[in-house]
Amino acid sequence: MDWLEAQNVSHEVHNVTTADGYQLQLQRLPRLGAKPVLLVHGLLGSSLGWVCMGPERSLAFQLHHREYDVWLANLRGVSPYGRQHIDLTDVMVEFWRFSFHEHGAYDLPAIIDHMAKVTGGEQLASRGGPGQDEEQIHHQVVLIGHSQAFNAFLVLCAVHPRFNQRIQLIQALAPLARLHRQVRFDSFQVRRLMKFIKKRQKAYKFEIFPPGYFRKVCQAKRDLCEYYAKQLVGSAQNNKKLLEAFNYEYLLQGGSPREIKHLQQIWKSGDFISYDFGTAENLQVYHSVEALSYNISQITVPIILYFGETDAIATPEGVHAIYARMLRSVKSVRRINSKKFNHLDFLISGDVKSLVNDKLIEHMEQFFDGRLPYVIE
């Protein structure tokens with residue numbers, strides 16, 4: 001990763017191919033034999049989100065300093081790490097036919113299985129060959145995700161129940177699974193966004209926001225940019241820095257039309273459903289007229305949820321609605337301790353270390369020791 005190269009950080013690059021042919025690149029800050037943690041970016045994100053605040057304040061580095069084996073995921077569609085496929089190229093419409101369903105059903109299983117294979121192999125080698133059943137060697141993995149990553153985690157555990165045993169803990173920052181009547185923007189703004197996406201599709205532009213798109217637009221139309229950022233992302237902890245996330249070439253980019261459409265369907269239906277193709281195609285894909293509801297009541301992985309007070313999309317109400325649906329799994333719901341804190345502050349707030357990362361590491365370690373207090377904020 002160029003950023004890690006530039007910072008002269010020792011890291012590994014791993015290539016993973018999914019069952020449906022996407023070729024993804026992961027980065028790893030290795031610690032042999034340590035507990036593996038997988039960081040998964042959200043909507044329009046990439047692994048850059050976990051390192052862009054530099055060695056002192058970025059979650060990836062903090063975890064590595066605390067002796068964790070840190071893996072950074074890049075899901076399909078991310079530029080440049082998720083743009084390869086064995087048969088397709090990213091200028092073909094077929095390449096962009098995915099939403100968080102594919103992230104959870106294909107990308108995450110391939111990534112987590114690859115991690116287990118690599119770390120299991122390393123441990124066998126350090127023990128001088130197979131002495132134990134290899135399955136026992138595979139650590140459970142800890143998942144930390146921002147935004148839409150939580151939706152992919154739920155799909156992973158619902159579609160592939162074996163991962164309920166493989167994941168020790170999920171920490172979800174600003175999760176997006178419940179959007180119905182919970183977001184702070186209205187149908188007018190959603191309609192405008194859908195119109196914009198349709199226009200791009202008609203022009204055969206299947207990637208919604210190419211790298212650098214936001215930077216260009218925000219430099220040219222700052223007021224408009226500020227308006228939409230406030231509406232869709234929420235008031236920032238420091239509004240002078242509201243547009244900071246848009247200055248990076250690769251921090252916010254990519255996105256497929258289906259990804260946004262799937263979130264719109266959840267927003268509209270009020271249920272956590274698989275992608276609704278319409279009656280005819282639903283019959284082909286799901287053997288049912290309607291899209292399927294994911295069976296999230298079967299998910300047994302312990303979960304900690306975090307929300308920001310002024311997040312317009314993962315609102316406090318929306319995050320509490322996830323808790324209400326998943327009482328068995330959710331072990332804690334935490335409010336970030338700041339009057340203002342929006343969807344992107346989780347990655348780029350100047351105080352991200354003290355407000356988010358330190359807390360997240362503290363709760364994780366309390367959980368490992370069996371002393372995480374049951375707190376619902």
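Cβ coordinates come from backbone N, Cα and C, glycine included.
Note that the structure is a prediction, hence the values are computed from the model and not measured.
For 6-54, the entry in TrEMBL reads domain 'Partial AB-hydrolase lipase'. The active site, nucleophile annotation in TrEMBL covers Ser147. TrEMBL lists Asp311, His343 with the feature active site, charge relay system.
The two recorded residues Ser147 (active site, nucleophile) and Asp311 (active site, charge relay system) have their Cα atoms spaced 11 Å from each other. Per-residue pLDDT, averaged across the domain 'Partial AB-hydrolase lipase' (6-54), gives 94. Taking DSSP states H, G and I as helix and E and B as strand, the domain 'Partial AB-hydrolase lipase' (6-54) has 6 helix, 19 strand, 24 coil. Rounded to a whole number, the C-alpha distance linking His343 (active site, charge relay system) with Asp311 (active site, charge relay system) is 5 angstrom. The local packing around the residue listed as 'active site, nucleophile', expressed as other Cβ atoms within 10 Å of its Cβ over all shown chains, amounts to 27.
Around the Cβ of Asp311 (active site, charge relay system), a 10 Å sphere holds 29 further Cβ atoms from the protein chains shown.
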